[in-house]
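In what follows, a single structure is set out as structure tokens and then discussed.
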Amino acid sequence: MTNLRKTHPLMKIVNSSFIDLPAPSNISSWWNFGSLLGVCLIIQILTGLFLAMHYTSDTMTAFSSVTHICRDVNYGWLIRYLHANGASMFFICLFLHVGRGLYYGSYMYLETWNIGVLLLFAVMATAFMGYVLPWGQMSFWGATVITNLLSAIPYIGSDLVEWIWGGFSVDKATLTRFFAFHFILPFIIAALAGVHLLFLHETGSNNPSGLCSDADKIPFHPYYTIKDILGVLLLILALTSLVLFSPDLLGDPDNYTPANPLNTPPHIKPEWYFLFAYAILRSIPNKLGGVLALVLSILILAVVPFLHTSKQRSMMFRPFSQCLFWILVADLLTLTWIGGQPVEHPFIIIGQLASILYFLLILVIMPITSLFENNLLKW
């Protein structure tokens, strides 16, 4: 008799995706982040669902409802901080997942990579709208500043901004629609993640060497299920430690002050995971130019596969490219630091230099270095 998991219409989909899936025998812990992102998404949807039961998306009561969740709801404080810090964990896993893709040449699977870029945009949009919901000072002013960027679009800009606001400023209509979008987007993200996985399983996983691994495959279960469970346990350990010991470590104190349209905070800045893009935005004195640079700083990932000039897929055997990759990582960390600093000397010039280096490395320096490495190997 054939095994039920291989014949049942629903179970055979799960079987071919998570049980009998042929996987390369040499994939390292850098391949754990896909499953960790899935776990993060589940945590966010569940905690978000319970928060939505008590939250009210009205400018008069939003801040109070969040306070009520933390003070009066059973374990409300835990759910709220799991959700807030879960977002940080989500982005840590996202950045490491994308970094792995860049290092090992996973971007050569075009469909998988492009859906991944789309997922990154969707998660960033969701996180931005979620940050507005508590209706603190930084929520309100962050929403005002970021939505106002659309006014840089020629001709339709100002109309577009007012359309998104639902009025002449960030107000009740804005908060209500942001809550609606923040609720629906994670389910769209889950669907996109399914498509991401579908395309990945069409080709099979890449591996650290970047070579074809068809000759050496092992079943996903039990080898990688056990490995993924270890990763999940470490993720939960890190998240619970953060939530229980220092839940406000990554937040902004200004968000504990209710939103006040008449009082601007001294330094408006987004959550830490947007600081690198915010630094690129601020480093260009022109409004439209800044907005374009902001969008391109993420959209540039979609161009990376077309800039691959090396004869080898992975950076595993390319020391010069490895060096440049880690310079890029250091550059992004520098941009993250600059994004959180006030707009004054010397931070302005450091931000501008780091922004130029970011685009130069990806668009010019790394492709040229790959060609140089080809010549070194007489390829």
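The backbone N, Cα and C atoms fix where each Cβ goes, glycine too.
DSSP assigns His182 (heme b b562 binding site) to a helix. For His182 (heme b b562 binding site), the count of additional Cβ atoms within 10 Å of its Cβ stands at 21 [all protein chains shown]. Residues annotated as heme b b562 binding site in Swiss-Prot: His83, His182.
Its Cβ taken as reference, His196 (heme b b566 binding site) is surrounded by 21 other Cβ atoms within 10 Å in the chains shown. DSSP classifies His196 (heme b b566 binding site) as helix under the three-state reduction. Residues annotated as heme b b566 binding site in Swiss-Prot: His97, His196.
What Swiss-Prot records for His201 is ubiquinone binding site, and it gives similarity to another entry as the kind of evidence. In this structure, His201 (ubiquinone binding site) is part of a helix by DSSP. Around His201 (ubiquinone binding site), the same-chain residues at least 6 positions away in sequence with a Cβ under 8 Å from its Cβ are Ser16, Ser17, Leu21.
Look at Swiss-Prot and you will find 33-53 (among others) tagged as transmembrane segment, backed by similarity to another entry. Same-chain residues lying 6+ beyond the ends of the transmembrane segment (33-53) with a Cβ under 8 Å from its Cβ atoms: 69, 79-80, 82-83, 86-87, 89-90, 93-94, 96-97, 100, 182-183, 186-187, 189-190, 193, 228, 231-232, 235, 239.
Sequence annotations record features per position, and here Swiss-Prot assigns transmembrane segment to 77-98 (among others).
The feature transmembrane segment is assigned by Swiss-Prot to 113-133 (among others), with similarity to another entry given as support.
The transmembrane segment feature in Swiss-Prot is assigned to 178-198 (among others).
Residues or ranges marked as transmembrane segment in Swiss-Prot (evidence: similarity to another entry): 226-246 (among others).
Positions annotated as transmembrane segment by Swiss-Prot, on the basis of similarity to another entry: 288-308 (among others). Beyond the ends of the transmembrane segment (288-308), by six or more residues, the same chain brings 98, 102, 105, 107-108, 110, 113-114, 117, 120-121, 124, 149-150, 152-154, 276-278, 280-282, 355, 358-359, 362-363, 366-367, 370 to within a C-beta distance below 8 angstroms of the stretch.
The transmembrane segment feature in Swiss-Prot is assigned to 320-340 (among others); the stated evidence is similarity to another entry. The list of residues near the transmembrane segment (320-340) in space but at least 6 beyond its ends in sequence, with Cβ under 8 angstroms from a Cβ of it, reads 99, 102-103, 269-270, 272, 274-280, 282-283, 310, 347, 350-351, 354-355, 357-358, 361-362, 365-366, 369-370, 372-373.
The annotation transmembrane segment is assigned in Swiss-Prot to 347-367 (among others) on the grounds of similarity to another entry.
Here the transmembrane segment (178-198) has long-range neighbours at 17, 37-38, 41, 44-45, 48, 52, 55, 57, 112, 115-116, 118-119, 122-123, 125-126, 129-130, 132-133, 143, meaning same-chain residues at least 6 beyond its ends whose C-beta is under 8 angstroms from one of its own.
Only residues 6 or more beyond the boundaries of the transmembrane segment (113-133), in the same chain, are considered here, and those with a CB under 8 A from a CB of the stretch are 55, 57, 62, 66, 87, 90-91, 94, 98, 101, 106-107, 139-140, 142-143, 146, 174-175, 178-179, 181-182, 185-186, 188-189, 192-193, 195-196, 199, 270-271, 273-274, 298-299, 301-302, 304-305. Long-range Cβ contacts of the transmembrane segment (77-98) within its own chain (Cβ-Cβ under 8 Å, at least 6 residues beyond either end) map to 30, 33-34, 36-37, 40-41, 43-44, 47-48, 50-51, 66, 69-71, 116, 120, 123, 127, 130, 235, 238-239, 242-243, 247, 250-251, 271-273, 301. Below 8 angstroms of C-beta separation, residues 279-280, 282-284, 293, 296-297, 300, 303-304, 307-309, 321, 324-325, 327-328, 331-332, 334-335, 338-339, 341 of the same chain, each at least six residues beyond the ends of the transmembrane segment (347-367), sit close to that stretch. Taking Cβ-Cβ distances under 8 Å and a sequence separation of 6 or more, the neighbours of His97 (heme b b566 binding site) in its chain are Phe33, Gly34, Leu37.
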